[in-house]
Amino acid sequence: MATTREVGPPGWARLCRSDEIGEAQSRGFDPDHEGQDSLFIVRWQGDLHGWRNACPHIDGAPMAWRRDAYLNAEGTRIVCHAHGAEFMPDTGLCVQGPCRGERLSRIALAVVDGELFVKS
Ligand code: FES
């Protein structure tokens, strides 16, 4: 018999348990098995936000300097380590750096029974 964890909402792929990502933490995922993380999740002021791992400064540029490292040391901004652009964790707006005023691309998320899903 299939469980919620195995199935989830139709058209959504399971990433992890939602409580595995703590406050001011980030984590990358490769749900399509492309060989690198295509998206990342951050928890900011209690809420989870999903973003495409592609900097608007140079489209498609991956942002982390090492696995799961998408935030600054304080956990207050998403940082692209290529050229130092800083983004708000909740809106994806670039507030500092070469693409100031541009935004990250949001990924739709769903939490069902404590499991985190992404639109597939
Ligand atoms: S590629 Fe992200 S700041 Fe340049």
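The first residue you see is number 1, and the count goes up from there.
Including glycine, each Cβ sits where the backbone N, Cα and C put it.
Here TrEMBL flags 12-118 as domain 'Rieske'.
Across the residues of the domain 'Rieske' (12-118), the predicted structure has a mean pLDDT of 96. DSSP assignment over the domain 'Rieske' (12-118) gives 3 helix, 44 strand, 60 coil.
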